[in-house]
């Protein structure tokens, strides 16, 4: 739990900064039968990033990385919107988009696990080609649709709560159950820690890796539906652009090491929330757009540094060293985080 | 080694001089032939990234057909290297005139020099290049983004001329650093600076996209209790913002007045529906003007170095009238 202390501190600091500039920041009211407020916004706009990051966490836990999620986001939204614009039922459109995403993810997994291409290269293929595929589906245009049913996924509400948040909670619960209550999580960590040793121990690493990439693509697919549904249109060029980088960042801020092995789902959710809060903060306190990226970079650097025990020991003197020594693997995770 | 390099250079120079002779020959043939010989134009388009761009392509193709100009068209798919390749192939094919919309502003000197050596005139459309040597191209045909910003500002000044209350404006900028974003911001700011009641209370980039426009507007609505006017640098960001405004329980077009730039179909629909108050057109239909210029340039007539696209503005009533005839 101590691993999550620093991300929590950063999130609280960011929220406090917002309250300082906008006193009404924490107020949540019910407007037109749904919840309304800045905190709800952070959750609602952060929902796609949380989903993509969850998938990314599992991929990174196996020692891989998935650069193609941004393109999958675009493909999923494009295919769903195209079909709805041709009067296909929303259900068919959503299901076929998600099936395509799973197939693409399995393709990534196949390249990594069966062919043996390095993950960063294997997924780079789909990252580049996928954007083209999305543009092919949309014909290079922005497809605008008018479907109240589709709108619910990313822009709708259920019992006053934004539907996107409910989807995230459901996916998070399922993932947590599968990886923490069943042996799957341990198998994942074992494959990420040492693939060869796990194979010798009798774990079918290949199947697990393919499944994990398919899961990451499925998460990205759902995120893509949310993003396109939120604005009732599909934009092959811009939907999900650079979301893979934000997702990797969220995973790292959450304390999962890029070298694979142990992972933290709650840490990833925190990381994604920090990134989204940072974005919202920039809009509300009025950081000029020219300096936005620099501001973000400074905050992220600070977060990463403050999470590193060796940096804390150096910066704050002896107090850091008197901390009880933690077990070796955890130490490794914290250093690289 | 040195010999080999120098041999290559000699071969290269020879090839260039041959191309130059050929280019010159074809141009003279084109002009001396009189009215019956057709002009060949090589046109390199940026890509097909938006409805605006597609309309732009179609306008150029249709206008060429109408003007009896033979058009060699290529799509650069957003990549400068494709565009340079296309221009080189036009030089080899000895077209009479080259027109293109540069993907980016810089890095064109070499290939434009090659065209100049081949005596093929070049016209820039829609976007400019930052080359210091303006003799490399004959003219630049495109929108004046500063003027678009000014038109948006003028409507606002006119709309609020009877009121003395302060007017709080929020601005959704285009992609940071892009020419349309910089110029539309500058033109607008210049006009509204004349009266102190106008105040831009928040200004952020929405990256020209609907999704970002919505997200940024949501944050504006919470951080700024009192917003009277939204100025968005394109229709798409405005459309995203409309959803955010509706989500906040306000009426777009009434509680918050909205001005956008572009006039694409979805934007015009929203304008006709009363959700947007005013749209400044940024017209992609520059084909006919381009063909006129091309004919003049090939004939050897002088053309002005900067030609602004013929553009207009739309109010809600005008939008209702022209909506059915919009081409993009």
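Cβ atoms here come from the backbone N, Cα and C positions, even for glycine.
Residues annotated as region 'Disordered' in TrEMBL: A:317-337.
Sequence annotations record features per position, and here TrEMBL assigns transmembrane segment to A:42-60 (among others).
As annotated by TrEMBL, transmembrane segment applies to A:67-85 (among others).
Beyond the transmembrane segment (A:91-117), the same-chain residues lying 6 or more positions past its ends with a Cβ under 8 Å from any Cβ of the stretch are 64, 66, 68, 72, 75-77, 79-81, 83-84, 123, 125-126, 130, 150, 153, 205-207, 209-218, 220-222, 224-225. Annotated transmembrane segment per TrEMBL: A:91-117 (among others), in sequence order.
Feature annotation from TrEMBL assigns transmembrane segment to A:124-145 (among others).
Here the transmembrane segment (A:157-178) has Cβ contacts under 8 Å with residues 30, 33-35, 40, 43-44, 47-48, 50-51, 54, 58, 184-185, 219, 222, 226, 230, 265, 269 of the same chain, all six or more residues outside its ends. Annotation comment: TrEMBL describes A:157-178 (among others) as transmembrane segment.
Residues 47-49, 51-52, 54-56, 58-59, 61-62, 64, 66, 68-70, 72-77, 80, 94, 97-98, 100-102, 104-106, 108-110, 112-114, 123, 153-154, 164, 167, 171, 184, 187-188, 191, 239-240, 243 of the same chain, all 6+ positions outside the transmembrane segment (A:208-227), place their C-beta atoms under 8 angstroms from a C-beta of that stretch. The feature transmembrane segment is assigned by TrEMBL to A:208-227 (among others).
The transmembrane segment feature in TrEMBL is assigned to A:239-258 (among others).
The list of residues near the transmembrane segment (A:265-287) in space but at least 6 beyond its ends in sequence, with Cβ under 8 angstroms from a Cβ of it, reads 3-4, 7-8, 10-11, 14-15, 17-18, 21-22, 25, 38, 41-43, 45-46, 49-50, 53-54, 56-57, 172, 175-176, 179-180, 246-247, 249-256, 295-296, 299, 303. The transmembrane segment annotation in TrEMBL covers A:265-287 (among others).
Summarising the annotation, TrEMBL assigns transmembrane segment to A:293-311 (among others).
With a cut-off of 8 Å between Cβ atoms, the residues of this chain six or more beyond the transmembrane segment (A:124-145) that come close are 67-68, 70-72, 74-75, 77-79, 81-82, 84-85, 104, 107-108, 111, 232-237, 239, 244.
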